[in-house]
Each structure stands twice: as structure tokens, then as C-alpha cells.
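Shown next, in C-alpha cells, is the structure this report addresses.
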């Protein structure tokens, strides 16, 4: 039977900067559906909404010069799976996950989707264990370095946005994205997307664990080719 040692729970709570009054909430947040029907998906749903609200509130009050478009774009970069996975690794969440045998064999403790979902579940758990003010302060603490690095220039924009703006600037048609291939089993798929740009002879491919990530990767690759060809 899989168990989580008290020392691991204490280390995790130290990294979070929060000690649960009801530790069962933390244990539930760490429980994947493959381990038990008392899993973390409801907490994840709650945490997702709280994270979006908290980041929005922080941006609104911290950057009063920021317009709606910039806030939306930067919020997206702060709450995306990639950033949540970074947080999960900082917390060393993989050491504490409660996974079924199948997920353990497939190294589920390294799967980005599981790590990102667990961070959201922990946020939901802390909210239920305390209040909105406490979790918002914690989120601000976790994101402090990232918030300090916020730059409203192009490097904060996602690759698809940057590619679109590049093409518009050069008076070229917008790109077309289409699925090339889907590899792997349903629980661990890799999407391969084509990005078609009129000024490139061939479609440019991108890979990712979701269609959106694959499109972003393809856009990034297409933009690199265009910049290299045009010496921009």
C-alpha cells in the first residue's frame, strides 16, 4: 500500500509556506484519481478558479498602468500549465503524489498534467482550510519572482501571438494550423501539429502534450525560420 511519510508532508508544507489545520485536505489534494475515488479533481476545479481570480486581482492592483489586453495576456502566462509545473517542481510535489500502480509504472509523478493539476488542487485545499486572503497572499509569495520579471514587451507574448503579429507587420496571410498526428495512449498523448505559412515552402511542425501546446511549439518554430530567412 502506498503511503506518504510525515516528513515528506512537513517538507512540502514548509515549501508551500503554509501548514494545514486539516491535513486531510492536503492529502486529498495530492490524491490522483488512479489511486482512489476520493481524488483531487473537485479541489482542482476550485483551485483553478481561485488562481485565476488571485492573479487577476494582483495584476489589477499592482500594475495600474496595465490595460485589459496586457492583463489577460500576462495572466495567461502565469496560470498556464508550464508555470504550474515549474511551481510543482519547486515544491518537489512528485515526491508526495498518491498515485495508482499503473501511474507509478508510467512515472506519473513526472507527468506535467498531473503536476499542474495537483498545484491547483492544493490551492483549492488551502482556500478551504483558511480563506481567500490567505491563499491570495500565498499565491503572491509563490509568484513573487515571476511578478517582478513581468515585461509588457513582446517576449511575454505567446508564440502564436508573436507569429501573427509578425505576419501582419509583413502584410502576409495568417498561419493555418492542422493536426498531423496524435501519438501515444489516451492518458499520455503527444500531438504533432503543422503550421502552414504562405512564405515558407514547407509546413513547420510542433509537438506537445496538448493540441494548444503543439500549436505554440509549431508557431515558435515557424517564427524562427521566418526571422532567419528574412534576417530580421
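Residue numbers in this text run from 1 along the chain shown.
Here the Cβ of each residue, glycine as well, is placed from N, Cα and C on the backbone.
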Matching residue for the Mg(2+) site, where Swiss-Prot names 117, 120 - out of 44, 68, 86, 165:
44
DSSP-derived structure type at residue 117 (Mg(2+) binding site), helix or strand or else coil:
helix
Count the other Cβ atoms sitting within 10 Å of the Cβ of residue 120 (active site), across every protein chain shown.
25
Is it possible to get the count of other C-beta atoms within 10 angstroms of the C-beta of residue 44 (Mg(2+) binding site)?
20
